[in-house]
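Annotation source Swiss-Prot lists domain 'KRAB' at 25-100, citing sequence analysis. The feature zinc finger is assigned by Swiss-Prot to 284-306, 312-334, 340-362, 368-390, 396-418, 452-474, 480-502, 508-530, 536-558, 564-586, 592-614, 620-642 (among others), with sequence analysis given as support.
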Amino acid sequence: MAALKHLAQVPRSTEKGMVCIQGCVTFEDVAVYFSQEEWELLDESQRLLYLDVMLENFTLITSLAHWSEAEAEDKTCAPQIRTAKEGLPTKKPHPSDICSTVLKDILHLSDLPGQKPHLTEVCTDLLDQKHHRAKNWLKKDVDSLVKNCIFHVAGNPSVCSKIGEKFPAVWNLLQPKAIPKGEKQNQIKCRKAFHSEKNNSKSDKYNKSSSPQHRLHEYPRLCSGKEGFESNSCEQDLNKYSIAPSQTDQTENRPYGCHDCGKWFGQKATLRIHQRRHTGEKPYRCGECGKSFCQSSNLSEHCRVHSGERPFECLECGKAFGCHSSLLRHQRTHTGEWPYECGDCGRLFRQIVSLITHQRTHTTEKPYECGQCEKSFSHKATLTVHQRVHTGEKPYHCEACGKSFSQSANLIKHSKIHTGEKPYKCGECGLCFRQRATLMKHQRTHTSERPYECRECGKFFKQYFYLIEHSRIHTTTEFYECGQCGKSYTQNATLIRHQRVHTGESPYKCKECGKAFEYKSRLNRHQRTHTGERPYECAKCGKFFRESYNLAEHQKIHTKAKPYNCDQCGKCFSRRADLVKHQRVHTGERPYTCGECGKTFSRTTNLVQHRRIHTGERPYECDQCGKSFSQVSTLTRHQLLHTGEKSYKCSK
């Protein structure tokens, strides 16, 4: 190992321009070679030290050859560099010649001592980089140059038979960790050119005419058999070192490459930060909540959540944000910019993350799985909200009534009940809504618009949600079948709701009267009977209704539209339910049976009235005399006795 210590023994000077080396100095004068057996005895740190010192020595030798012309004319003892190929002295060697020499030497460090370093000729145009023109080379430039040259000269030297010999142990030291074959999908076919000794003169001629603007990624073009340039080429897959043609200046401005994904960076510190994505390292931790981050800037932004600091303010509306990226996204609401478009359906988005999550609706990808019930979701936020079903967490509280919600959107909707705010008004009927989405759905009742089309069967839907539900019929291979009636569903949750019909389960209970319901929507509608809320108003007559469908049916009175016709007698009806009831007159169907006496009825209202005979219930009471009746029509006739009104007059 004494050779390692000898490597550093190169003449140096403490002042610039005071070095004087007698005679011709070549890189071989300061280089030390190991045999293959000696090289295998070195550990990784010793090999890195060897390469580091060799590059440092080469930097020193090169700097001696790049003094200014004025200094070169005045100095009495000028260093001269001899090319390793010809051994001829020259005062002003071309930078590509120097780099070619050192590349040959470094790539063959394992050659036996005393042998002439030899490498099948490489296109030295690749070595003619912009940073070669600098008078003083930096170590990182040479290091980056050598590594990039190795990556492009031989991605896998044992495969290419044109090279003539395997590259030495330095190549094994520089190359990244082994990557399983086929893991990288983006491969580039590159035709590499290597030259024999007899083509050296032609290669040199070509090198002298080369422009210093050549870059390594232009290698396939340079080695395509131009004027005065002969090449023997072979095709080779560069799985590990494939470089996109758009990555110009990678060797000039981005010399640091990631071995995991092939991405290039201009600074080594940026590469280290990037590599934390592959390793999962998060060295920056929040002292408040313990959350970790891979960058200090991300931690700084996160700390503003605890401190409440919002330094980035919108000049349009004055809204402030904790990070600059949030401000930029917000400003698109003022400019109306929607820069991200879905290639499948053409839908536009303000944020790229929204586009990515939206595209999962086309691919049916659901990467986020619940650990409790194994249900999968396409959005991480949806998974977070779903997990609150298992934990029972409801972090959003209403300040007016204290009611809690698992989602902030539900709290916002609920708060409008207390304020009575209904900012969204229908231009056709004047109906107002708390949410814009509800207004848009309502407006389709006037236009009969069905904008969402299924690409599989061509069916149209009024709401996007209905299209998503329908599309599962085509994409889902597994269906959930009811064991009682055999009905199938695309979702397990829908099957569970359906099974309540057979089991009679009613999990949603009213806190006012204790009545239970199968579905939450029915409970919400029922609660309006206690609150007296009638949110749906008719724009024609001002009448209010508890349900939107009741309003829709009522509005047909004003329009006199009767779209439902009886095919037996031709009678028309404004509601489909009325047509169904009427058709029982022709069919004689009586589907409603009394459990006490077995009497059947064609309408459920008639059955309810009949049951009062058995129960003795008289819910309709006269406010004048207190007499009670089982039917509201009987109460109406009775009240005429108190008023003296005689509404029925004989026409004769």
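Placement of Cβ uses the backbone N, Cα and C atoms for every residue, glycine included.
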Residue numbers, six or more beyond the limits of the zinc finger (480-502), whose CB comes under 8 Å of its CB atoms: 469, 472-473, 518-519
Intrachain neighbours beyond the zinc finger (536-558), with Cβ under 8 angstroms and 6 or more residues off its ends: 429-432, 442, 445, 525, 528-529, 574-575
DSSP residue counts for the zinc finger (312-334), split into helix, strand and coil: 11 helix, 4 strand, 8 coil
Segment confidence, the zinc finger (284-306), expressed as mean pLDDT: 87
For the zinc finger (340-362), distant same-chain residues with Cβ under 8 A (at least six beyond the ends): 329, 332-333, 378-379, 468
For the zinc finger (564-586), distant same-chain residues with Cβ under 8 A (at least six beyond the ends): 553, 556-557, 602-603
Number of helical, extended and coil residues in the zinc finger (284-306), per DSSP: 11 helix, 4 strand, 8 coil
Secondary structure content of the zinc finger (452-474), with strand meaning DSSP E or B: 11 helix, 4 strand, 8 coil
Three-state composition of the zinc finger (620-642), taking helix and strand from DSSP: 11 helix, 4 strand, 8 coil
